[in-house]
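According to Swiss-Prot, the active site, charge relay system annotation covers H622, D665, S760, on the basis of similarity to another entry. The L-lysine binding site annotation in Swiss-Prot covers T136, D158, R172, D432, R445 and rests on similarity to another entry. The disulfide bond feature in Swiss-Prot is assigned to C49-C73, C188-C316, C206-C245, C234-C257, C296-C335, C377-C454, C398-C437, C481-C560, C531-C555, C607-C623, C699-C766, C729-C745 (among others). Residues annotated as domain 'Kringle 5' in Swiss-Prot, with sequence analysis given as evidence: 481-560. Look at Swiss-Prot and you will find 581-808 tagged as domain 'Peptidase S1', backed by sequence analysis. Per Swiss-Prot, the feature O-linked glycosylation site maps to T365; the stated evidence is similarity to another entry. Residues or ranges marked as phosphoserine by Swiss-Prot: S597, S688. Look at Swiss-Prot and you will find 1-19 tagged as signal peptide. The site 'Interacts with fibrin' annotation in Swiss-Prot covers R134, T136.
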Amino acid sequence: MEHKEVVLLLLLFLKSGQGEPLDDYVNTKGASLFSITKKQLGAGSIEECAAKCEEEEEFTCRSFQYHSKEQQCVIMAENRKSSIVFRMRDVVLFEKKVYLSECKTGNGKNYRGTMSKTRTGITCQKWSSTSPHRPTFSPATHPSEGLEENYCRNPDNDGQGPWCYTTDPEERFDYCDIPECEDECMHCSGENYDGKISKTMSGLECQAWDSQSPHAHGYIPSKFPNKNLKKNYCRNPDGEPRPWCFTTDPNKRWELCDIPRCTTPPPSSGPTYQCLKGTGENYRGDVAVTVSGHTCHGWSAQTPHTHNRTPENFPCKNLDENYCRNPDGEKAPWCYTTNSQVRWEYCKIPSCESSPVSTEPLDPTAPPELTPVVQECYHGDGQSYRGTSSTTTTGKKCQSWSSMTPHWHEKTPENFPNAGLTMNYCRNPDADKGPWCFTTDPSVRWEYCNLKKCSGTEGSVAAPPPVAQLPDAETPSEEDCMFGNGKGYRGKKATTVTGTPCQEWAAQEPHSHRIFTPETNPRAGLEKNYCRNPDGDVGGPWCYTTNPRKLFDYCDVPQCAASSFDCGKPQVEPKKCPGRVVGGCVAYPHSWPWQISLRTRLGMHFCGGTLISPEWVLTAAHCLEKSSRPSFYKVILGAHREVHLEPHVQEIEVSKMFSEPARADIALLKLSSPAIITDKVIPACLPSPNYVVADRTECFITGWGETQGTYGAGLLKEARLPVIENKVCNRYEFLNGTVKTTELCAGHLAGGTDSCQGDSGGPLVCFEKDKYILQGVTSWGLGCARPNKPGVYVRVSRFVTWIEGVMRNN
């Protein structure tokens, strides 16, 4: 079991007047190192702890960890390369980048990696050894040069780079083949480029990645923490031939950057395989036929298809002959075909796994009405929780339990076979206080999940007040319950889980503290001795205690229960099936309670739509081309079947229709009477104005549309689809520049999953923190579930101001 008794860390990264010394460190919240050589010291801030690490003389300090509540600093000789990282509450681990790096900058004078062989493959002699060669440079004579073990170093500032004495008596020394760091040049296609060039090839200034002006985009730094999207520096997050950026020119959306190639060989990309492992980026076999039997054409060829996935543009991807490869982060190896009518297809590569996981759709004979529904709450400490939640209290996506990226760990399905470690679902394999997961953010090792305890009354329906959105964890709330991690909790709980009274935040007895006071945190609600969470602790609200032997402890503040009328919160947890709308996944009945069926007054279903308030439905404007008279239409709510409607459905006529004035494919319908909000009829939430969904965000479409002969016709179906950034969607091989900024793409480029005729106007919803938000209205596509032709949806966030104005004035 991983140790986790120490406490969450202050999330303040204060700026130092001398610069930003913490830039020299990689930080990971919720992580600790097993260390033998260490010192435990007091420190009032993270910077003070970093200074102690720099000043240490008894050993080389490679890392430190800081415990904010105790103001405790532990400096260590080890880092993740030499020790085990484990999960711990209330701590942040800082590791010096220079000791994690296996590349050199300039002549490698500051190289502190672990390469220990020369360029000819001879093992290096230890710097402290005198055999077989008596050294001129040793740890004793040059203590500040990092002459540890037998690692390659450059103590004499040699222009040719790091070197070492060799273990060959005939060869006194030789140079080491250390790759260049990608801060001034790039290896391969610049996927790991970390430099500061911020102009394009034509000299245009780059737009900052965290800006949506002048170009709105889906490459949001907080959603892609491992892509290093800093400031406005050129980067390559999506498999282009080289780094690029969005430009500050409103007339030029994006352009490649001119980054020079490094002159040294690139770092090793790891083992290669003759079979499919993961997404096949390291597949090096000789399959050259696609899934439908088309022959692949050579990567160097430009007929019958012109393209830029060439050996020159992707020099590290082994684009040999016409073999299937995955040079750009697709879901599997693929190739361009020799068929002029089929530009490219995925290849069928044998799996490296002895028993590959089936990707067939669920059993079509399983009666959907009888399918058990997993409740999204947990009992006790959550060890028995087997739901499908995969989001933390701060909205981070969970890392798969079988994955070692970005966090290496031992909580695997093999090591914990009875813990239900499926996919990336929240679990509690080690008897913690509640379900948790490792996160996909490299700087945050783990967090608790955004789940509440079961109350015993889950699923009960209260009388429906007006629709209202719940606040998030940051919104101050005076209720004696909390949202998320309770950072906005402003209730009056003032005792810990053990019943000990809390110390007042302004008091310095019995515990003296400097960081969490009303003066230093004036907006954190540090009144009297009430439980609070000023540092965003994953454990929730806490306080310093009045027990002189116990510095602090957590408070027992429950999660606020969601009511049946909260937008975006279904009473039946959706299946979240990876199956297909075309090819099928029948939804759990009433798990998408905002889905409506738009019908003629005679009852024929022809379009979908989304309930966004008791009186208003959002749909596609082209769905209203049948008639300009509202009386022609009616709306069915709460249905699971397209025909033979259930007795509880609501049938309401349309009283008014409003099409978007600039002719976007979006329209509002006002119902003749408000819908009755029940456990089967709940509105979806609207997004913030102009919000942009991040690239590769997994969202869901629903509908009763054409299923092309597959099972489930006539029942509400669902599919999980990734959002595709417009920059990618508008490539020549996909939708070739036809997608507007007021639209978004979603779908699997292999085809097979899409919305079809009859799904038009229906919702594309994305889960954010604790609710589903309507991000798209199904609009158009080229065919139905065709390869390379993802579906196109109206981007709802661009029309929120119009939507709210129409609703307010009518």
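Just so you know, glycine gets a Cβ as well, placed from its N, Cα and C.
Here the Cα atom of C335 (disulfide bond) is found 16 Å from that of C316 (disulfide bond).
Closest in space to C699 (disulfide bond), of the recorded positions given as C206, C234, C316, D432, C437, is C437, taking the CA atom of each residue. The C-beta environment of C531 (disulfide bond), restricted to residues of the same chain at least 6 apart in sequence and closer than 8 Å, consists of Y489, G491, K493, A494, T495, T496, C502, P541, W542, C543, C555, V557. Its Cβ taken as reference, S597 (phosphoserine) is surrounded by 27 other Cβ atoms within 10 Å in the chains shown.
For C745 (disulfide bond), other Cβ atoms within 10 Å of its Cβ number 26.
Largest CA to CA distance in the L-lysine binding set (T136, D158, R172, D432, R445): 56 Å, whole number. Nearest by CA distance to R445 (L-lysine binding site), out of the disulfide-bonded residues C73, C245, C377, C481, C745, is C73. Restricting the recorded positions C73, C245, D665, C745 to those with a CA within 10 Å of the CA of C257 (disulfide bond) leaves C245, listed by sequence position. When Cα-Cα distances from C245 (disulfide bond) are compared across the recorded positions D158, R172, D432, H622, D665, the shortest belongs to D665. In the three-state DSSP classification, R134 (site 'Interacts with fibrin') falls within coil. If you measure from the Cα atom of C766 (disulfide bond) to that of D432 (L-lysine binding site), you get 29 Å. Within the domain 'Kringle 5' (481-560), the DSSP-based counts of helix, strand and coil residues read 0 helix, 14 strand, 66 coil. Between the candidate disulfide-bonded residues, C316, C398, C454, the densest Cβ environment within 10 Å is the one around C398.
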